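Enquirer: Here you go, one structure.
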Amino acid sequence: MSKRAFNFCAGPAALPDAVLQRAQAELLDWRGKGLSVMEMSHRSDDYVAIASKAEQDLRDLLDIPSDYKVLFLQGGASQQFAEIPLNLLPEDGVADYIDTGIWSKKAIEEARRYGTVNVAASAKEYDYFAIPGQNEWTLTKDAAYVHYASNETIGGLEFDWIPETGDVPLVTDMSSDILSRPLDVSRFGLIYAGAQKNIGPSGLVVVIVREDLLGRARSVCPTMLNYKIAADNGSMYNTPATYSWYLSGLVFEWLKEQGGVTAMEQRNRAKKDLLYKTIDASDFYTNPIQPSARSWMNVPFRLADERLDKPFLEGAEARGLLNLKGHRSVGGMRASIYNALGLDAVEALVAYMAEFEKEHG
């Protein structure tokens, strides 16, 4: 078998080697049953046990309170942009949104299709290089909810604090930083996360929702998008993304074996510190984000001369450092360093960066 590359893709992202090896071993014959998980009925006792264990492991990892439902749904995080207002925003209500980049803007645009949106703060004033402090926000007193993206995968901004919204439910898109460090779930009304970054493969979105927020869906809300129906049916109103759910469960097991989210925080801190230190110590590489708002998971950086982007990427790929090209809307480079990537991946990257700078700087 050839050596595994270091995959810095923003999503679908790297999965732990141990998880892939386990899935490979169980692919044709899951625990002596003579069939693959992909072939199981989602109603079977075996699959229900797989799904239930995955949920419990996630609850353990994030210490999710008992009055929260955990849903394993389809449609990805982008579908949640519509699902949230359909479930939580009354026709005559107002929802507050915080704009910190492309993904929060997409959420805002979609929510406006279903009701009144107040953009309570925007990082546009800072060219999306910093996050407005809460003292700059203009929140609506009786808003249906306050929505923000805890980490902007493309721009590389991340909240290092949780907003205070009083009795107004706080809703957050945690697609790219969930499970990267400890989290007080009780501060939120709803958390959602597309799986393909820190949870598992694509095709799945996890929603953690406080029970008192269920049953508020509008009459026009499609059955398949109604949180209460999903919760009442154990996320199996229809056939779920069974294999993605199973693989996510293997990731949760792996995370627990590694020491949980506390261990991940230490590991991720070491990775991001090394990469940002390398960028900041150089005149050849730059990252424009205010230090307090820098993402732990997605690190964008530019070279001194964009004409060097192509040879940089070619050299990186030759060394097994894959998917470092920045998003088309931003350009430059982006290293996504989710849980599955170890410190050795970042060490290999910064060694190459130093080598490339020495040759071209």
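All positions are counted from 1 along the displayed chain.
A Cβ is built for glycine as well, from the same backbone N, Cα and C atoms used for every other residue.
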Enquirer: Among Gln56, Gln134, Gln196, which residue does Swiss-Prot name as a further pyridoxal 5'-phosphate binder in the site formed by Ala77, Ser78, Trp103, Thr153, Asp173, Asn238, Thr239?
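Expert: Answer per Swiss-Prot: Gln196.
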Enquirer: Between Ser78 (pyridoxal 5'-phosphate binding site) and Lys197 (N6-(pyridoxal phosphate)lysine), how many Å separate their Cα atoms?
Expert: 14
Enquirer: If you count Cβ atoms within 10 Å of the Cβ of Asn238 (pyridoxal 5'-phosphate binding site), leaving out that atom itself, what do you get?
Expert: 11
Enquirer: Counting only residues 6+ apart in the same chain, whose Cβ is under 8 Å from the Cβ of Arg43 (L-glutamate binding site)?
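Expert: Same-chain residues close to Arg43 (L-glutamate binding site) (Cβ under 8 Å, separated by 6 or more) are Met236.
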Enquirer: About how far apart, in whole Å, are the alpha carbons (Cα) of Lys197 (N6-(pyridoxal phosphate)lysine) and Thr153 (pyridoxal 5'-phosphate binding site)?
Expert: 10
Enquirer: Going by DSSP, give the three-state secondary structure for Asp173 (pyridoxal 5'-phosphate binding site).
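Expert: In three-state terms, Asp173 (pyridoxal 5'-phosphate binding site) counts as strand.
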